[in-house]
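The feature region 'Disordered' is assigned by TrEMBL to 1-25. Sequence annotations record features per position, and here TrEMBL assigns domain '1,3-beta-glucan synthase component FKS1-like' to 316-431. The feature transmembrane segment is assigned by TrEMBL to 542-564, 576-597, 617-643, 679-698, 729-748, 1523-1545, 1689-1708, 1763-1780, 1792-1811, 1823-1846, 1852-1872, 1884-1913 (among others).
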Amino acid sequence: MAEILVEDPSYGRSRSSSRPITRSKTVGYVPEPFDSEKLPQDLISKVRPFLRVANQLEKENPRVAYLCRFQAFVRAHTIDPDSSFRGVRQFKTNLLRRLEQDEQATVPVRKETSDARELESVYHTYNDYFLKHERDCDLENRENLWDIRAIVDVLSKVLRAITSGTGPEVLSDEDDNEVKSKFDVPYNILPLDPGGSQQAIMQLPEIKSAVAALRNIRGLPQDENQSGTFLDILGWLQCLFKFQKGNVENQREHLILLLANIHVRQTNKGVSVSKLGERAVDELMKNLFKNYTSWCNFLGRKSNIWLPSVKQEVQQYKILYMGLYLLIWGEASNVRFMPECLCYIFHHMAYELHGVLCGAVTTTGEKFKPAYGEESESFLKNVITPIYRVIYEEAQKNKNGGADHSKWRNYDDLNEYFWSPDCFQLNWPMLLDHDFFFTQSSNDTQVKNSCFSCKTAVKNKKKEETEDEEMAVNIEENKKQQWLGKTNFVEIRSFWHLFRSFDRMWIFFVLALQAMIIMAWHDIESLLQIFDATLFEDILSIFITSAVLKLVHAILEIVFTWKARHMMDFSQRLRHLLKLLVAVAWTIILPVFYAASRRNSTCNAKRYADWVGEWCISSYMVAVALYLVTNALGMVLFFVPSLSKYMETSNRRVCTILSWWAQPRLYVGCGMQENLPSLLTYTLFWVLLLLSKILFSYNFEIKPLVEPTKQIMRINVSKYEWHILFPKVKSNAGAIIALWAPVILVYFMDTQIWYSIFSTIFGGVFGVLRHLGEIRTMGMLRSRFQLLPSAFNLCLVPPSSKNVQKRGLKNFFKPQFHKASENEKSGFSKFALVWNRIISSLRSEDLISNREMDLMSVPLSSELSSGLVRWPVFLLATKFSTALSMARDFVGEDENLLKKINKDSYMYCAVKECYELLKNILDFLVVGDLEKRVVLKIIDEVETSICKSSLLLDFKMSELLTLHATFIELVGLLFENEECHKDKVVKVLQDIFEVVTKDMMIHGSRILDLLHCPQPVENDEASFLMGFEPELFVSSHGTPAIQFPFPADNPMKEQTKRLFLLLTAKETALEIPVNLEAKRRISFFATSLFMDMPIAPKVRNMLSFSVMTPHYMEEVKFSTEVLCSSQEADSIMLYMQKIYPDEWTNFLERVGCMGHENVDELIINNAEELRNWASFRGQTLSRTVRGMMYYREALKLQAFLDMAKDEEIFEDYNAIERALDKKNSPRSLSAQLDALADMKFTYVISCQMFGAQKSSGDPHAQDILDMMIRYPSLRVAYVEEKEETGNKDQKSYSSILVKAVKNFDQEIYRIRLPGPPNIGEGKPENQNHAIIFTRGDAVQTIDMNQDNYMEEALKIRNVLQEFLQNHGLRSPTILGLREHIFTGSVSSLAWFMSYQETSFVTIGQRVLANPLRVRFHYGHPDLFDRVFHLTRGGISKASKTINLTEDVFAGFNSTLRQGYVTYHEYIQIGKGRDVGLNQISKFEAKITNGNSEQTLSRDIYRLGRRFDFFRMLSCYFTTVGSYFNSLLSVVGVYVFLYGQLYLILSGLERAYLLEARMQSIDSLETALASQSFIQLGLLTGLPMVMEIGLERGFFTVFKDFILMQLQLASVFFTFTYGTRSHYYGRTILHGGAKYRPTGRKVVVSHASFTENYRLYSRSHFVKGFELLLLLIVYNLFRQSYMSSITYVLITYFIWFMAATWLFGPFLFNPSGFDEGKIMEDWKDWNYWIKNEGNIGAQRDKSWESWWEDEQSHLRHSGMSARILEILLSLRFFIFQYGLVYHLDISHDNKKFLVYLLSWLVIAAVLLLAKAMNVGRQRLSIPFMFRLLKASLFLGVLSVIIILYHFCELSVMDLVVCCLAFIPTGWGLLQIAQAVRPWIKDSGLWDFVLVLAQCYDYGMGVALFAPVAILAWLPIISSFQTRFLFSEAYNRRLQIQRILPRKKTM
């Protein structure tokens, strides 16, 4: 047998396949594959290889395939004989059925006499072939050998089982762990097995040196039983500490790549690349152990990293310690979130390592051995698992977010235990009976039944003791154990956290408010007046307030840390106590001295005369001075940040004492100071902002209210319109509170507005300085295109060592860019190659057409060696024809014409290139001797005339256009290149000859001389031409005159196309590309080249990086069924065609289906292409993967540019690869480029459910596998869950990394986990399990709704260099990157959201990073310093609930650990956003919930306390402060309305206004109407306007802003405001934060009324109705004495807010006013509201289930939150109290009895409702229930009639009663829910449910009625569709066709 070809493995999945062996196919048997991929998790590793081999051998050896499947069945039955594991029974049944079918059918086709012989024959065939080619290093052959080796292994096992008859004895672990062939070792990046040594990546010198260093095991001590079992340092560590094999293999490659990448960067500094340098090892060691050494210093311990004195052994020891740490980290699982716990583990294991290395002995004289080194996988079982069990049990007490944070320890609590020296009480080996391992539980049975009980751990540790003795010991020890509780911090649900964390800010604002009130009260005209002794002393009274506030803060510190007191050391408790005592002392001292000073009217101290007048120093002033002395040191340290940093980080006694008083000593939060320039910059920002805010507040908020306040205090109101509850209160205190309360709330809130204004100004200035918007349009691009090659070479081409230029501020205004010239052939060629690749990527994405690609490409050909720069045709369009017109009409000399043409450089290039191309084409086309001489003569005449400047004299230019048209015809024929057009070509050539010689040339006779023949020539020229013209260019006697058509592979075709485009390009070519996205991308790329960025290094010297994407169950790729599903209207595919019409046309052109737009035909012929096209336009994983893999493509291209010579650059590097290199050779250019790309870039997708999806046959698994096949370097990590053999209640979990090999997924690494990894929040846990498989110096976190672009991927080298740049006191640890919101929906909501997000991810983050220096991590494009973060807890935090927004905590953690976060705008990453209103609201709710939890978190507390004052302000207003201010603004509206109602209903406002008018006091009425400035909140949109103006032009932003308002953008943003305020307040008070999946889908669908009600009932509708009632009452009772203008000024914004909150969801709901939809919604609503919530009923099916779920947060609330909820509900009773005294039936009676009688009416109404409820339940006969309803109705009507006749009840009274009693009933409902346990005990809960249902039904009807009325008007529905889809109408899309039914993508 000459060769064996292995069957395509995809055969087992119904794919097209090749033949397995070159022998003839077996006849008489039709093989069918058996699915080898859909297997139960528990059988995959043991059974799948046999099934795969069976599928491969099916066609050639069906009997052997049968035997393999039979052996698979036997193995499956042996593993699970009872079929108890999930899915095993179904699998075994299907396989057994197949075996029964094949048993008899395969016997006749057997070639041998027995199964054993048949099997042995096939086995030897494959085994012999394998042995023969074992040493073949060719990559393709090696991949084939891997498959053959797998077949040989399976066949050997089957053969052994058949011949021995022992059954499946090969199931033992020993067989699976046997020594395998070098070809059996799967690898990730580095093939470290002997057979892979010839791979290109293994030939890199830096890899060789790192491998050699790792394999240096010389001198390492060995046990006699371990000799020869390890090959390198990590293998030795595995034998010593019993790490897992998969972990060792993974970290081996990890460490080699880290060392190699650092080492190759050191070679530029004179280090030899052949040997691993010490500096590379030292650099990695410094970065890896920086946190460990800091931890040792903090705890006062010596590092256990001991290096030998022998220099030759130092490097080996360093690698040993680094390898040990990485092995610990790689196997730590969830413990990776606890970096200091890892330090503790490493500290002890490093000590053991040192003991082994130095040959230490124990006290018994035995060799020193590690504590955990006895059994296999000892480290996982004995070190990680006990800690994991603590994490798991504590997380279980969280109750999925329902438990209070103080009742369980999260990751931070457990990790911070290791910040204290007490952690060393755990000892080593760890004492599992220590309190740290004890977990308190509210349910004792839970602890007893927990599979992670600490008792079990103790039993496993003490195997030598008897079971009875052990249990006795455990019981005794558990009695002594106690729960340690929280560590250092307790997350308590309270708004007081805001004051506790940011006390300095609140104290400043309160003191400033007090000072302004004092100054306004004294009506000072000049600042010099404050130095008046009395006034100055009054102003100094603010420090009494300061002392009181500090006392409050000291009390809060004690209260909030009370539950963590057991974990505090004595110094912390002492500090809290002393802080409290000092605060109490100053709170007493300052008021006493102030009172004493005020009693003394004269000043007893010495007087001083000065320029401010005569004043004195009182005792109070002296006390204040002493009070302020404590802040003097802080002021000095503020301006000397280096000294402040030293004091915080130093261990000196003095520094420790001073720092101890200022802040508690913690491991994090120290040394966060910035350098002085940065400090001064953000200080200037905030000083200007605060000055502006204070001046505005003083002049427009405080001062205008002082005089009216004085007047109110003087006015005596004797008559009230209600019963006075507190008659002794004087000075009209209630009115003053109602007047001042909303103003004070606005005073505290409006700093957010000022921040928006100043961030707009500073962000705009910094944006201009960074060249944002340098190129905004394609016109600007064309005008500056000549500068692009120079800018490209400066930014993206690594400079030579001689030409390195430092770029700084000095050359900012003089950029070193210049136009490309003919002398820059090499530089321009690199730009051209990259530019063409960018254009090609746009074409592959179908953003441009083939013609556009041709027009935008730059020609590259070594044949065109004139040195002329050839620009893209779209720059030269119409230039040539314009030049011809100029020449035709020009009158003058040649020099002037040339100057005129040279003025337009593009025109000159077009003319010259057309001439050069024409010469080349004619030279190739004309091959006849005579014809060639004629052509050359004409060209010579032209060039001679040009040289002599006599072209205008020698040629008649009037015929240029005729010649132009003829040449266009010729080039067109050449471009078509059809054989049938040869005669036409000859004719056109003859026409050209005639035009040139006869019509244009003055001396045409010179050309005719070439046609001379021996016969005499007549003088008549015409007759001469008649004789010769027909024969010119015509072949004669078999000799061709022209070479036509051109050969298919000849470059002349490209030149012809180029000339044809130059000659025919019209003005429309100036507008290309037509696609808006293509225009934006090209413009931004061109702009970025002019921005400041680090110089790119060579690919080999760049920092390496990884990309990681977490994936759960999101869409991978749209299936054909989903794309073409059609129920009521059009399919998703048609939707895509309508939304992207130009891209659809380009797609059809690319796949060659122009004119065949039938989707069904495309599915048949181009199914995968169609799926990809649609998927790349949704928010799918496949889109993200395609974008991220551009990194690899860009690196290969740039590596080629680094290695290629100048002449090679003119050729496509793929063509060079095909021409010069042997295919798949390790030495080939392709292999070298792949090697560099692999070393620098890794992409890992953490597909958590991939294993389960494979087992269940989920199509998503196949789509993921297809992506791995498409991108071979793509890796997928997933968690495998298997039931333990023999105990199906226990499960084992493993992290697995796979890649695609031969269309199958191949397992690379398997690392067993201590338990289920998803303990905390899902996404960070998913990232954590996969991060061990990433590589490189940096890691980029990418979400699965993101995208990337080829042109942006080219800049990744520059971005990574930022890690090495100087950014102040520290290097950056997180690089923030710009995002582009690509969400491609045509709805207005998509537009609004896109603009809002664009503002945040551009100008918002620009200001955060610089000047404010408080940018954290706000999304997924950011790049992390990987080594920094893997040693400090990872790239996110994962504690349940508190870390809901896990991303931002990575930024918090990095900053607290002395990291630094930057932001860079010269690169952008695409990102999708939710675009339906319901999706947006869920997203906002999730983010707001996360911010609420951030408010309670220790991270925000530490940042707020440890930042300096101005960075603290920046932190507050850009994180939790923005959400709290949203809540304050809404609360301000309520406070204002209730205050106004108090004034109106009590009669105070009438009295004050009448008094004001009588006395002509304008200030009072103005003050009462001054609340309309709440609308200033709209100024928060200014940053969005500035950013869009910068990038797109201010005219564009003005136009868009007007259009947005017309499309109700204000409604959308106001509605979103309500979402934020609701969820922020509710989450802080009651909890309930949770992840809310939005689907990330492009939605143009109608949401039902029921769905909208469920989502917005409590967040918007209830509040909207309350505002509406308040406004109605306000309007009813103000009309008689308040002008309409004043009323409008006061309330118009509140009316707008109420209407927005009530009807916003219906305005933005597609088809929301469609009559048919309204009828369906009404039926659905009635069904939902009346459906009972039975057990298991979903919230979308039953009102009762929804209502229970909606109130679930109250069931977990604390007592304080319940009390606050009750107190807030009392406002409805006060509302009722004010209204009942305005009833006509009360006859102006102001007694309290009136209010009590109103409660009797409420009780009567509730009794009626109760009677109705009881009647419905007990009266089974419908007639009886109707009779009861009629009786009750008649009774109520009778009572109303009686009251009307005898008590003067009016219709207005009925209206007012409804307005008063409806809110009261709602208040009662709220209170009932707050006291639910007591209500349930009383038996009234069923009635509460009925009442709540009535309220919800009433609100629903009130909302539904106006919507239904408007739906009757057809114009309303059309208008709604028009403003919702304005952009679609502008693009003339048929949006109506895709609205009727729900579509999701």
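In case you wondered, yes, glycine gets a Cβ from its N, Cα and C as well.
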Which stretch, 1523-1545, 1763-1780, 1792-1811, 1852-1872, tops the Cβ pairs under 8 Å count with the transmembrane segment (1884-1913)? 1852-1872
Select the range from 617-643, 1792-1811, 1823-1846 that forms the most Cβ-Cβ pairs under 8 Å with the transmembrane segment (542-564). 617-643
Interface check, the transmembrane segment (1763-1780) with the transmembrane segment (1852-1872), three or more C-beta pairs under 8 A: yes
Selection from 617-643, 1523-1545, 1792-1811, 1823-1846, 1852-1872, the stretch that has most Cβ pairs under 8 A to the transmembrane segment (1689-1708): 1523-1545
Could you break down the residues of the domain '1,3-beta-glucan synthase component FKS1-like' (316-431) into DSSP helix, strand and coil, giving a count for each? 76 helix, 2 strand, 38 coil
What is the pLDDT of the domain '1,3-beta-glucan synthase component FKS1-like' (316-431) when averaged and given as a whole number? 91
Positions whose Cβ lies under 8 angstroms from the transmembrane segment (1852-1872), at least six residues beyond its ends: 1662, 1666, 1669, 1672-1673, 1676, 1765-1766, 1768-1773, 1775-1776, 1779-1780, 1782-1785, 1798, 1801-1802, 1805-1806, 1840, 1879, 1884, 1888, 1891-1892, 1895
